[in-house]
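Below you'll find the structure, written out as structure tokens, and then a few comments.
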Amino acid sequence: MAGVDYLADERNKAEFDVDSMKIVWAGSRHTFEVADRISKLVANDPAFRKDDRPMLPRKELFKNTLRKAAYAWKLITELRLSEEEASKLRFFVDEPAYTDLHWGMFVPALKGQCTDEQQSKWLPLAYKMQIIGCYAQTELGHGSNVQGLETTATFDPQTDEFVIHSPTLTSSKCYHTVEVLCTWWPGGLGKVSTHAVVYARLITDGKDHGVHGFIVQLRSMEDHKPLPGITVGDIGMKFGNGAYNTMDNGVLTLDHVRIPRDQMMMRVSQVTREGKYKQSDVPRQLVYGTMVYVRQKIVADASCALSKAVCIATRYSAVRRQFGSQNGGPETQSAHYRKSYTGLIQVIDYKTQQNRLFPLLASAYAFRFVGEWLKWLYTDVTQRLAVNDFSTLPEAHACTAGLKSLTTTATADGIEECRKLCGGHGYLCTSGLPELFAVYVPACTYEGDNIVLLLQVARFLMKTVSQIGSGKQPVGTIAYMGRVEHLLKSRCSVQRAEDWLNPSQVLEAFEARAARMSVSCAQNLSKFSNPEEGFAELSADLVEAAVAHCQLIVVSKFLDKLQQDIPGKGVKQLLQAVCGIYYLSLLHKHQGEFLATSYITPKQAALASDQLRALYSKVRPNAIALVDSFNYTDHFLGSILGCYDGNVYPKLYEAAKKDPLNDTVVPDGYHEYLKPLLKQQLHSAKL
């Protein structure tokens, strides 16, 4: 029945103002209105259809992405969309494309690392998309080890040029191969980008000045063919069906490619006409501003991806019904949350389903709010750097690295859990979940492998612990280390389950756990005569300490959000319950660490579990309205299981009929392979 809302009863249960929650999720009324308008613009335009993506061959898939990107740019110019509106339009088109790297990496790099004169030349071209750029940093054999890059940029004073070269070296004997030190993975590089920000080791007069950025033209602006000395192409199919295969991740080798001296990105350091290397008046630390920007954007993207998966799984959990009463006896679930037909129970009413689903719902909100805070941090850091204030830079670096790792890992795992929460149908591409996972999971690796980033956080934590008592007061997200003596001695005062709703009690529990784990690691490190050997030996423990610190940050920012004025009937109260689910589910999951650090007792851990179950019951009648608050169109979700009206099964059937395999009743290959088998004529068949 078209037009029927099969989830209407669920929506009527909401105990809060959904419209107000939509604004809380968006961040402001203005942001909500822009997102709502642009998402509907995209959803209602058949040119942005995406349900056929998993069935398209790679070439056709990629060409279709080029078409959509060109059409999107046409709309942006014709409708005169603002930068904010254009960004939202690209977001809601929801297809990995070269434009992601152009606007998300190339343009910010130009802004952050080029001089004013260079920006005046390159930015207008990039803004009008008269050039298309990518970010070429990762080498085939080096990954996260940026300082290990072996591509060189050697200055030639005779011609006033840099010679950029990717050397070829014989690899270690155990492989018996030749390793080409090419750039590998940059999105947009393979087939589209005309220019790239290439990172290479700067050499002047035989001296290595470390890694610097250079603007390198890759392709002719006339016929798009690679320029002399440049070999470039796509690296091949990646995980998933459509997924990230819409993106032309590329491979690049540079064979003594010459570029003008002024195409070195010279905001921080410069090479003169005479070949002299010198630092500019702009502090080198300013380049960290770009990194903070990119990583805060990744955290924001994590909340979006996880919320999509949670929306699909929550809606389907309310639609899906199974089991029920046996032998005519009473059913085991509350009748308040059950449809009457055939005595079946909504899957969402099972506590096992809630225990897996609701912490993910809470995580989506938690990541949204910590992402908002990171936007503030980016602004704060860049303003401080502009006046040569570097005091918060180490903490900001550790914070963004850790949160990038924490949120992307949790989101990738959460999407997969949502797929399993949808049962067998979650495995269908039409559920949207396999494709969502395949698109999202690279985030665990790009912009820093997640374990490597956590080890960077751990180094920062160990340095902070070593400075305790030196008079240098920890700041920002590490400020709790200034009270480490108290945190090492304190004990949890929880006596009733409800005490776990006390924000100060919760905050101290997470602070004590993080502080004690860091101090324990520092004490164990001190037993090694060689600190680096100790760091390597204790790396697993150090990663766990870093995770504890990062989870504390997310919990504290969620609690801070609840201290703000949040209008709307029942909105703050429900968010308090969602926040409780987030931190109590973490406490339950990492119960061993809380108990091992002796801050809580087994009885208090049991009380936390009691309170967590009570919060599940509070959130249950509001679950559908909570995911409705994301305000996602069916087009953006790309999921039959998560469709707004809940009319899942007829839509699954109709989608199945459209599969290319069903174009014919008798399959191709029947006469060649199947019929001879059935007729026992294989001996005479031409196989």
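Yeah, the Cβs are placed from backbone N, Cα and C, and that goes for glycine too.
Taken straight from TrEMBL:
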ACT_SITE  GLU447  active site, proton acceptor
BINDING   THR138, GLY187  FAD binding site
DOMAIN    17-132  domain 'Acyl-coenzyme A oxidase N-terminal'
DOMAIN    288-462  domain 'Acyl-CoA oxidase C-alpha1'
DOMAIN    502-679  domain 'Acyl-CoA oxidase C-terminal'
Checklist entry - Across the domain 'Acyl-CoA oxidase C-terminal' (502-679), what does the pLDDT come to on average, as a whole number? => result 96
Next on the checklist: I'd like the per-state residue tally for the domain 'Acyl-coenzyme A oxidase N-terminal' (17-132) from DSSP, helix first, then strand, then coil.
Outcome noted: 90 helix, 0 strand, 26 coil
Checklist entry - Can you tell me how far the Cα of GLU447 (active site, proton acceptor) sits from the Cα of GLY187 (FAD binding site), in Å? => result 12
